[in-house]
Protein chains: 2
Amino acid sequence: MLTRADCLAADARDPLAAFKQQFTIPEGVLYLDGNSLGVPPKTAAARCSKVVSQEWGVGLIRSWNTAGWFELPGRLGNKLGQLLGANDNEVVVTDTTSLNLFKALAAAIRIQQQAPQRRVIVSERDNFPTDLYMIQGMIDLLQQGYELRLTDDTLSLEQALDDDVAVLLLSHVNYRTGAMYDMAATTALAHRHGALTIWDLAHAAGAVPLDLNAAEADFAVGCTYKYLNGGPGSPAFIWVAARHQDRFWQPLSGWWGHNRPFDMDPSYQPAQGIRRFLCGTQPITSLAMVECGLDVALQADMAAVRAKSLALTDLFIQLVEQRCGQHPLTLVTPREHARRGSHVSFRHPHGFAVMQALIARGVIGDYREPEVLRFGITPLYLSHADIWDAVEVLRDILDSGSWDRPAFHQRASVT
Amino acid sequence: MLTRADCLAADARDPLAAFKQQFTIPEGVLYLDGNSLGVPPKTAAARCSKVVSQEWGVGLIRSWNTAGWFELPGRLGNKLGQLLGANDNEVVVTDTTSLNLFKALAAAIRIQQQAPQRRVIVSERDNFPTDLYMIQGMIDLLQQGYELRLTDDTLSLEQALDDDVAVLLLSHVNYRTGAMYDMAATTALAHRHGALTIWDLAHAAGAVPLDLNAAEADFAVGCTYKYLNGGPGSPAFIWVAARHQDRFWQPLSGWWGHNRPFDMDPSYQPAQGIRRFLCGTQPITSLAMVECGLDVALQADMAAVRAKSLALTDLFIQLVEQRCGQHPLTLVTPREHARRGSHVSFRHPHGFAVMQALIARGVIGDYREPEVLRFGITPLYLSHADIWDAVEVLRDILDSGSWDRPAFHQRASVT
């Protein structure tokens with residue numbers, strides 16, 4: 001049986017252990033929700049203060065040029081691209097994941113209109129809902145006979161990919177289960193059937209190795225406020241394979257995507273390349289802080305991050321099963337490494353109340369319908385001992401039954 | 001002839017003079033660009049710091065509930081609505097002006113599909129280009145035979161409003177000229193012809209009195225970073241008349257607009273009311289600071305703001321004509337009060353270079369093609385003496401010809 005001493009010994013050997021010093025984590029908190037909202041890099045407060053007091057307060061309008069605000073989406077995109085297997089000028093940080101998905105979907109649909117019978121968009125019923133909602137919004141808007149085909153498992157996914165399919169839209173790592181697709185194999189499968197792929201990397205970027213170009217993916221979107229520690233609601237990103245960028249101008253064609261935005265031309269002329277996926281003026285304070293998280297992530301070797309992520313998720317599963325084995329917990333996350341992202345989920349019949357009890361004790365994970373306790377494992381700021389300590393609190397809550405209080409059953413919270 | 005002493009006397013009588021103390025304005029700057037990016041309210045730096053260090057740093061994911069992040073778009077929308085003539089639950093602060101315009105346009109088009117011959121969207125050639133670009137993106141996406149009809153003056157606007165028109169989309173105050181529409185009369189004109197109206201309030205909100213409900217307008221969008229001093233690229237807003245809100249769900253139908261976003265329902269079910277115009281997760285740091293500007297604006301009597309705005313724009317025009325009268329400056333902005341917003345523009349054959357020379361001397365306005373020197377007049381932080389001093393710098397630059405240096409002709413800047 002594992003002991004806490006074993007965890008401390010593993011921490012002593014951890015090549016990423018020092019990264020924790022680059023983040024602010026409140027006293028008394030074991031934070032297992034970095035896949036929902038990452039923690040602040042220590043540089044974030046100063047960066048934010050500089051944006052407000054210096055760049056805005058002193059530079060005022062001049063900072064669009066002198067502080068590089070106008071170039072931020074592309075400059076941050078190039079940094080982020082290094083974590084995605086993207087080349088320069090393939091990524092912009094902008095808008096929200098939902099909106100970027102709409103842009104990618106519009107572009108993919110338009111490219112596929114060369115094959116007019118392709119009127120199906122395939123996704124998973126278990127995908128993060130906003131992805132499905134944006135597809136539904138697009139279909140309803142177009143009124144061109146598009147339909148959404150939802151699959152429930154890998155087998156039905158293969159069956160769903162027939163010659164009517166225009167686009168396959170999947171999350172690389174599932175928000176609830178943590179299950180991860182083989183991006184290259186799945187993209188190849190879609191391409192064999194003539195479909196284009198859109199990958200939602202919300203729960204993957206910064207957490208697992210990615211190589212979009214090697215996988216020959218077509219489009220990808222994702223967010224920066226989870227494993228990339230960009231701050232609450234920090235702007236999202238979109239990657240478009242270079243071969244597709246100039247084939248269509250996406251319909252959210254605001255002035256930031258214009259070829260010469262300050263000519264004030266009444267006709268839209270898209271910029272060449274990824275800049276045409278920009279739309280309007282970006283929230284600079286939130287956007288600028290994204291760089292703080294990226295700068296930390298870029299210091300880490302992604303192979304080491306992945307190795308530690310798997311070690312910690314293995315450890316978490318093993319400890320829960322060893323120490324909470326008599327309680328009705330069911331592992332939702334794949335055991336197979338190749339199919340696991342960087343969070344671990346267990347079902348419990350009273351999952352909501354158990355999570356509230358954990359949060360009350362400072363072990364912050366989150367709850368997702370139905371019955372799912374979800375624990376984000378962030379290798380840059382969690383240790384093996386943190387995992388041990390978190391499982392000990394879970395064990396105590398379950399052994400004592402202390403989760404079963406009225407306060408822990410109240411669903412007032414919105415997230 | 002007016003003197004600086006007259007200006008100081010007017011400042012001594014100014015009921016809004018004390019508001020200047022609530023903003024940070026750098027030493028040595030006369031800021032006449034608040035219609036492009038407003039200045040920081042003094043509370044903004046502390047608010048921003050609190051969001052990063054306390055709400056994000058300590059509250060972490062819990063702050064979606066405990067710090068009210070999730071409710072911010074509606075809470076700020078209700079505050080802002082007081083400046084727009086809107087009721088509670090008619091405004092949300094979210095996304096960008098361009099994106100909100102897309103939502104409004106989609107909703108207006110859908111409502112008008114009861115009258116299928118209406119396939120024309122009318123706007124002005126001189127409108128801010130992103131408005132035209134978003135219309136063009138929508139038309140190209142729909143492929144349903146919509147067309148954009150651009151008008152060049154008020155007469156052609158009346159002629160353009162025939163029975164084919166679905167939507168009239170106008171800026172209430174023109175970004176370049178400062179010309180303002182009579183919203184109620186123009187809306188009534190559109191309605192007589194069966195068209196719905198979308199008003200872009202980017203250069204109006206916080207600057208001129210607005211009463212959207214009294215004008216019986218249909219949709220409005222606008223930004224918070226100009227006269228509302230929300231910070232660089234702070235999120236925009238959308239207002240939808242209550243009678244239209246539930247008639248159609250706009251196609252940027254992300255999870256924030258869902259009726260029960262945390263049920264993780266695979267089917268989109270729009271929230272009732274204005275919340276269905278939300279899409280995805282908002283940039284909280286940038287969004288939270290919007291409240292600082294709103295809280296200042298809400299202390300001011302809008303009639304007094306309008307009176308001072310007209311007094312200062314009158315003064316600016318009068319001083320330029322008196323003191324720079326021998327130079328080739330042409331007033332672009334309407335002299336008639338009822339047709340003037342809160343900025344003043346003059347053409348000059350070398351407008352670009354003259355503006356660069358002004359900026360180099362600390363008088364910050366901006367330049368807009370073609371040849372236009374644009375000066376934003378913000379009653380909450382500009383004095384009559386500021387206007388005098390700014391015009392004196394302009395006079396000196398023109399009299400001395402000091403604008404005609406190579407450096408002032410270089411168009412390296414992007415804004």
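Placement of Cβ uses the backbone N, Cα and C atoms for every residue, glycine included.
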B:Thr97, B:Ser98, B:Phe128, B:Pro129, B:Thr130, B:Asp131, B:Asp200, B:His203, B:Tyr225, B:Trp255 bind pyridoxal 5'-phosphate in TrEMBL, but which of B:Thr66, B:Thr281, B:Thr285 does that record place at the same site?
B:Thr281
If we take the residues B:Thr97, B:Ser98, B:Phe128, B:Pro129, B:Thr130, B:Asp131, B:Asp200, B:His203, B:Tyr225, B:Trp255, B:Thr281 that the record assigns to pyridoxal 5'-phosphate, their largest CA-CA distance in Å comes out at 30
What does DSSP say about B:Asp200 (pyridoxal 5'-phosphate binding site): helix, strand or coil?
strand
Using CB atoms and a 10 A radius, I'd like the single residue among the binding-site residues B:Phe128, B:Tyr225 with the highest neighbour count.
B:Tyr225
Within reach of chain A, those recorded positions of B:Thr97, B:Thr130, B:Asp200, B:Lys226, B:Thr281, CB-CB under 8 Å
B:Thr97, B:Thr130, B:Thr281
By a 10 Å Cβ neighbour count, the lowest-scoring of the binding-site residues B:Thr97, B:Thr130, B:Thr281 is B:Thr281
How many other Cβ atoms are found within 10 Å of the Cβ atom of B:Asp200 (pyridoxal 5'-phosphate binding site), counting all protein chains shown?
29
Based on DSSP, name the secondary structure state of B:Tyr225 (pyridoxal 5'-phosphate binding site): helix, strand or coil.
coil
Tell me whether B:Thr281 (pyridoxal 5'-phosphate binding site) sits in a helix, a strand or coil according to DSSP.
coil
